[in-house]
């Protein structure tokens, strides 16, 4: 059972702290609705240097507790995060608990840094971090590949948060193929508090396509030129290739996103894109210095902004200690 209440820590209890990255969808092509209600996608995921942290600590009993705090630049208060089993990190711990005989109770303390409900997979990063932390805490013994297979049941973005780097995602995003991309690309993120619902963004995309007679390919694919530009770390070559089928739907639901994209363009970004279903916008820049300059210009316009780079590593254990 999950609880947001204070829980009793064991005397000398062990704790494990894990960091897991948020992500940007550098490219996202969406197919038509499938019979199961989901949409097939083809996406290039890029893990970026903005990390969630989850500390798992042994507790008395066998319950799963959770607390959340915010740090850094957040678009919504950490208090908006659920403290029950609707929290994806709690569901991750519950799922692993079912596969871990003799496990203890656990309290998950989540530090949020990725924009909340922002299209960057922050909740999925929490789930990935919880899986890795509880696996170590309980001595469950699962390999990272095995954890990634378990993670599929939690959502398409969770396996990628475990793996990190750059990957092509097919199916509903759960069929991951790592892509070579070692040279850093520098971005400026602008979160917002529009609170877009991912299902509603997809429904809006379907309505737009129906209205305009657009018939998407049932087997969406990735433009190889995108992977080539990322492999070379060629920001100028990548800029015109950024693509998100959901972007138009996100802007229709939150027209202010269009104003933010225009502000970034005016301030000198190479290109801008709504990440995933939004509302976070990612602006591509030419270098770390260019990113810092763009961040300052956007903040001068009254926007929240932060610099990140990618690819970043996947979920990793940061510390293991006794409480």
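Note that Cβ sites are derived from N, Cα and C of the backbone, with glycine treated the same way.
Sequence annotations record features per position, and here TrEMBL assigns active site to 23 (among others). For residue 23 (active site), the same-chain residues that are 6 or more apart in sequence and have a Cβ closer than 8 Å to its Cβ are 45, 46, 47, 48, 120, 121, 125, 157, 160, 161, 275.
The annotation active site is assigned in TrEMBL to 157 (among others).
Taken from TrEMBL, the feature ATP binding site applies to 115, 116, 117, 118, 119, 120, 121, 122, 123, 124, 125. Residues near residue 123 (ATP binding site) in space but far in sequence (CB under 8 A, at least 6 apart, same chain), listed by position: 87, 88, 89, 117.
Taken from TrEMBL, the feature domain 'GHMP kinase N-terminal' covers 87-165.
As annotated by TrEMBL, domain 'GHMP kinase C-terminal' applies to 228-295. Per-class residue totals from DSSP over the domain 'GHMP kinase C-terminal' (228-295), listed helix then strand then coil: 38 helix, 11 strand, 19 coil.
Report note: the ATP site is defined by 115, 116, 117, 118, 119, 120, 121, 122, 123, 124, 125, and the residues of the same chain whose CB lies within 8 Å of the CB centroid of those residues, excluding them, are 22, 114, 280. Reduced to three states, the DSSP call for residue 157 (active site) is helix. Neighbour counts were taken as the number of other C-beta atoms within 10 angstroms of each residue's C-beta; across the binding-site residues 115, 121, the minimum falls on 115. Along the domain 'GHMP kinase N-terminal' (87-165), the predicted structure has mean pLDDT 93.
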